[in-house]
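Engineer: Below, the features straight out of TrEMBL:
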{"type": "TRANSMEM", "residues": "B:74-92", "note": "transmembrane segment"}
{"type": "TRANSMEM", "residues": "B:98-118", "note": "transmembrane segment"}
{"type": "TRANSMEM", "residues": "B:130-148", "note": "transmembrane segment"}
{"type": "TRANSMEM", "residues": "B:168-190", "note": "transmembrane segment"}
{"type": "TRANSMEM", "residues": "B:219-238", "note": "transmembrane segment"}
{"type": "TRANSMEM", "residues": "B:250-269", "note": "transmembrane segment"}
{"type": "TRANSMEM", "residues": "B:276-298", "note": "transmembrane segment"}
{"type": "TRANSMEM", "residues": "B:304-322", "note": "transmembrane segment"}
């Protein structure tokens with residue numbers, strides 16, 4: 001937007017490129033999240049017995065592995081300046097589809113790739129509609145949300161238990177570091193996804209195009225970057241991450257249910273925002289999203305330890321944090337631009 | 001221009017008529033409206049009654065979208081409004097006192113309007129993207145509603161409060177009358193004064209409007225307050241109809257249905273042009289869809305699939321790129337090159 005009231009500021013322009021583009025400013029939101037996380041952890045350790053147990057910390061990952069994967073996909077979409085409202089519904093559809101097929105006797109080796117393919121192709125479809133027909137991401141993924149949730153309900157409206165040996169093995173398998181200190185296989189999968197995602201964003205051409213589109217899609221196009229292909233790809237990535245998140249959730253719950261993951265799109269968006277990714281796109285880190293998910297998990301942990309706090313405080317605290325971080329981003333971006 | 005508007009509403013109206021007509025095959029008495037104890041009864045009345053909260057939310061959403069914004073928090077505001085009204089009425093020594101109910105309604109609506117101020121300030125003063133600014137209240141709002149009701153469902157037995165959602169006046173449901181009054185007032189206000197044009201101008205280009213001397217900031221806040229106020233009334237109608245405040249169910253995802261209604265009504269999501277009649281028609285269409293699936297005996301869940309199809313078809317029909325593609329194939333005319341190069 002053109003701000004005619006503000007005169008050009010030669011002082012800031014004169015700062016050396018390294019300082020200007022510097023690490024500091026872009027890292028402020030992530031560092032703020034890290035600080036917040038440390039503060040919350042300190043608060044927990046100071047107030048509650050046993051809060052400092054390593055397992056309490058690891059449980060944040062165990063309980064939120066699926067959200068971590070979904071939020072990682074959402075980060076790609078938001079970095080391009082888009083949004084994906086369908087993730088929660090795709091997660092639910094994945095759990096229902098997997099549970100139904102397993103219940104019908106299909107082997108896990110077939111079901112697993114099939115549900116992942118389903119989520120990926122849904123993402124691909126939404127990305128194609130957004131790119132080729134210039135439908136707004138909000139509306140296209142809203143349609144995807146209705147579609148996925150509707151399909152899940154149509155397949156089965158009841159909760160379906162999963163008894164498949166592979167699924168139960170994945171659910172019960174623990175990677176132990178010491179007696180009583182463990183993580184689940186889902187955590188490993190989630191961390192691998194995050195590492196791959198972070199590598200792709202930081203070191204590949206695709207990743208840089210994602211940032212470029214979020215910075216300014218028109219400029220990216222004029223630069224000759226494959227804007228269309230990349231835009232479709234981020235929704236495909238998000239679709240894949242949603243279905244993988246759905247698989248992890250079905251490991252966690254050992255059931256498929258069309259009402260699973262209600263409102264997860266909001267949790268994922270909140271995690272991305274709290275993690276410091278700017279919602280207009282172009283700036284942010286996947287590491288921030290990991291911290292964002294940890295903040296959400298930490299809120300739940302503290303509320304669980306407090307005991308007399310009710311779960312709706314989670315929503316209120318997340319809202320307050322969202323507000324704080326959005327205003328922080330606003331201040332940071334206003335100063336740089 | 002008016003021809004175009006009529007054309008815009010033609011398809012939604014045609015779909016609505018088709019939908020209603022299809023009911024006759026499954027329920028022969030579908031179009032029968034009977035008068036019992038001075039009240040009108042019938043499926044058509046049911047459709048109108050069940051459309052009232054959505055029509056109100058869609059009305060507010062239309063104004064917000066006209067300014068180029070979007071309000072995701074309207075469902076949460078509905079929940080808060082209903083929760084607060086039921087809390088106050090529940091604490092009354094005599095739940096049937098009209099004065100007490102009026103105070104409860106007033107307090108709930110004032111709080112709703114204040115929440116609208118909050119949204120409007122975030123959007124226009126602090127300059128946060130509307131979708132994100134209202135996301136804050138969408139997430140936190142339901143928590144606040146649960147805080148008000150202490151996580152319980154508050155049941156009320158107040159007869160005067162029941163009137164809002166379930167009462168009849170001159171044989172017509174009170175909720176329908178309330179919506180008709182609000183819609184008529186809004187239409188008069190925006191179409192008989194310059195307000196509508198100003199709103200469209202802000203939606204088309206906030207910067208240009210500001211340079212042209214329009215107080216875009218105040219206008220934007222007003223629009224969010226109006227939307228929140230409408231959502232507040234919708235919350236009262238909903239909770240009055242079920243005689244309880246359910247923080248989880250009230251207005252759950254209604255903002256998405258409202259956006260759908262607005263899109264069906266032909267309002268572009270990019271802002272700058274709006275149609276109130278279209279949005280109300282869209283709300284009635286969605287309500288008719290719900291009732292029709294019920295009459296036909298299809299599982300209620302499939303309405304979601306129908307909605308998905310409707311969204312896709314509508315968006316594609318509104319998408320210039322899609323029309324260009326179809327047009328090109330039909331007429332074999334070299335259309336304008338696509339804006340983006342697909343690599």
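Residue numbering: from 1, along the chain as shown.
Placement of Cβ uses the backbone N, Cα and C atoms for every residue, glycine included.
Whatever TrEMBL says is automated annotation, not expert-curated.
Quick one: how deep are these features, and who are their neighbours?
Structural biologist: Taking Cβ pairs closer than 8 Å, the transmembrane segment (B:130-148) reaches residues 64, 68-73, 75-77, 79-80, 82-84, 87, 115, 118-119, 122-123, 245, 247-248, 250, 255 in its own chain, all 6 or more past its ends.
Taking Cβ pairs closer than 8 Å, the transmembrane segment (B:168-190) reaches residues 35, 38-40, 45, 48-49, 52, 55-56, 59, 63, 196, 199, 226, 230, 233, 237, 241, 276-277, 280 in its own chain, all 6 or more past its ends.
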Engineer: Using a Cβ cut-off under 8 Å, which residues of the same chain at least 6 positions beyond either end of the transmembrane segment (B:74-92) come close to it?
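Structural biologist: Residues packing against the transmembrane segment (B:74-92) from afar: 53, 57, 60-61, 100-101, 103-105, 107-109, 111-112, 115-116, 137-138, 140-142, 144-146, 148-149, 154-156, 158, 161, 227-228, 230-236, 238-239, 244-248, 250-255, 258.
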